[in-house]
Amino acid sequence: MAIVGVPGWIGESAVNETGQRWMDAAMREVRVSVPGWMSSMAGQSKEIHYSIGASNSYNKDTLINWIKAQGSTPVVITITGNIVSQSTGVPCLDFPSSLTNAYVTLIINSGVTVYGRGGNGGSNAAGAAGGNAINNGIGTRLRITNNGAIAGGGGGGGGGNRGKLIFGGGGGRPFGAGGSSSHMSSGATAGTISAPGKGSVGEGSLSAYTGGAGGNVGAAGGRCNTQGNGTEYNGGAAGKAVTGNAPTWTKVGTIYGSRV
């Protein structure tokens, strides 16, 4: 909540916002110049707000660097559009233990999802694991209000072989790449923001043989199927929704994958 505007009971509102009864102390809490007029606090907040819009390849370091620049000041991060990690090797959002903020509030808006990236499908190999959505290194100082969803990336589908047939697994949701294949009637497909990819399908009379399907969010990829007549590899493991230390859950909301 911000301090009320003009006209309004700024003094009372400033006390409620900052917990400080001396106005010079309240001014410092909301980062306005001292000495100064009480009206300079109108609309100010003890917390600093930051919003993140939609991105299919979000770089976690962008947020980390901004949070660190605020020092010990509490911050409120609002996710306003779907965001997907740029790689399965890193979480979409990361709150490392080096952050010194009094607390970090994370608000995920309704209809919005924070995604780990989907794993790539295997090419005559196992599927890759999906990525994690959020890593928490600051414990209960991270306060999550999840009005939308938090989703680990789906695992990539497993590949395999049977004679000259090389099977590719489907990509995990979202955006896992499909594995390459040969002698197929249809190749493996990539995962999208809304669906996992499909495994490749054998040519001709071998159409019952398939690469593993990519995993949906929070789910492992499927195993290649050669009906026991070739080499079959497993799909990749599911990414996790929230890893690290348990946060303060103001609202858990919809979760795909494991969480702390």
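Every residue, even glycine, has its Cβ placed from backbone N, Cα and C.
The compositional bias 'Low complexity' feature in Swiss-Prot is assigned to 180-191.
Swiss-Prot lists 176-197 with the feature region 'Disordered'.
Marked as motif 'GRM 1' by Swiss-Prot: 116-123. For the motif 'GRM 1' (116-123), the mean pLDDT of the prediction comes to 99.
The annotation motif 'GRM 2' is assigned in Swiss-Prot to 125-132 on the grounds of similarity to another entry.
Below 8 angstroms of C-beta separation, residues 85, 88, 115-133, 166-174, 176-177, 179, 181, 188, 191, 196-197, 199, 211-226, 230-241, 256-258 of the same chain, each at least six residues beyond the ends of the motif 'GRM 3' (152-160), sit close to that stretch. Swiss-Prot lists 152-160 with the feature motif 'GRM 3'.
The motif 'GRM 4' annotation in Swiss-Prot covers 162-173. With a cut-off of 8 Å between Cβ atoms, the residues of this chain six or more beyond the motif 'GRM 4' (162-173) that come close are 118-124, 127-128, 130, 153-156, 179-184, 187-200, 202-203, 206, 209-217, 221-222, 224, 226, 229-231, 233, 235-236, 239.
Residue counts of the motif 'GRM 5' (176-182) by helix, strand and coil are 0 helix, 1 strand, 6 coil (DSSP-based). Under the heading motif 'GRM 5', Swiss-Prot lists 176-182, citing similarity to another entry as support.
Annotation comment: Swiss-Prot describes 185-191 as motif 'GRM 6', evidence class similarity to another entry. Long-range contacts of the motif 'GRM 6' (185-191) within the same chain, counting only residues at least 6 positions beyond its ends with a Cβ under 8 Å from a Cβ of the stretch, are 118, 121, 154, 157, 167-179, 197-204, 207, 211, 214.
Residues 118, 121, 154, 157, 162, 165, 167-174, 176, 178-179, 181, 183-188, 210-216, 221-222, 224 of the same chain, all 6+ positions outside the motif 'GRM 7' (194-204), place their C-beta atoms under 8 angstroms from a C-beta of that stretch. Annotation source Swiss-Prot lists motif 'GRM 7' at 194-204.
Residues annotated as motif 'GRM 8' in Swiss-Prot: 210-216. When DSSP labels each residue, the motif 'GRM 8' (210-216) comes out as 0 helix, 1 strand, 6 coil, counted as helix, strand and coil in that order.
If you look up Swiss-Prot, you'll see 219-224 marked as motif 'GRM 9', on the strength of similarity to another entry. Within its own chain, the motif 'GRM 9' (219-224) is flanked in space by residues 119, 121-122, 127, 154-160, 167, 169-170, 172, 196, 199, 210-213, 231-238, 256, which lie at least six positions past its ends and keep a Cβ under 8 Å from the stretch.
For 228-240, the entry in Swiss-Prot reads motif 'GRM 10'. Residues 88, 116-120, 122, 124-133, 152-163, 165, 169, 172, 209, 212-215, 218-222, 257-259 of the same chain lie 6 or more positions beyond the ends of the motif 'GRM 10' (228-240) yet place their CB under 8 Å from a CB of it.
Listed in sequence order, there are no same-chain residues at least 6 apart in sequence whose CB falls under 8 Å from the CB of Trp9 (site 'Interaction with the fiber protein p37'). Residues or ranges marked as site 'Interaction with the fiber protein p37' by Swiss-Prot on the basis of similarity to another entry: Trp9 (among others).
For Trp22 (site 'Interaction with the fiber protein p37'), the count of additional Cβ atoms within 10 Å of its Cβ stands at 10 [all protein chains shown]. Per Swiss-Prot, the feature site 'Interaction with the fiber protein p37' maps to Trp22 (among others); the stated evidence is similarity to another entry.
A coil conformation is recorded for Trp37 (site 'Interaction with the fiber protein p37') in the three-state DSSP classification, outside any helix or strand. Counting only same-chain residues at least 6 apart in sequence, none has a Cβ under 8 Å from the Cβ of Trp37 (site 'Interaction with the fiber protein p37'). Swiss-Prot lists Trp37 (among others) with the feature site 'Interaction with the fiber protein p37'.
Among the listed stretches 116-123, 125-132, 210-216, the one sharing the most Cβ pairs under 8 Å with the motif 'GRM 5' (176-182) is 116-123.
Residues 85, 87-92, 116-119, 152-159, 169, 172, 176, 179, 212, 214-215, 217, 221, 233-243, 257 of the same chain, all 6+ positions outside the motif 'GRM 2' (125-132), place their C-beta atoms under 8 angstroms from a C-beta of that stretch. Among residues of the same chain six or more beyond the motif 'GRM 8' (210-216), those with a C-beta under 8 A of the stretch's C-beta atoms are 118-119, 121-122, 127, 130, 154-160, 167-173, 176, 178-179, 181, 188, 191, 195-202, 222-225, 233-236, 238, 256.
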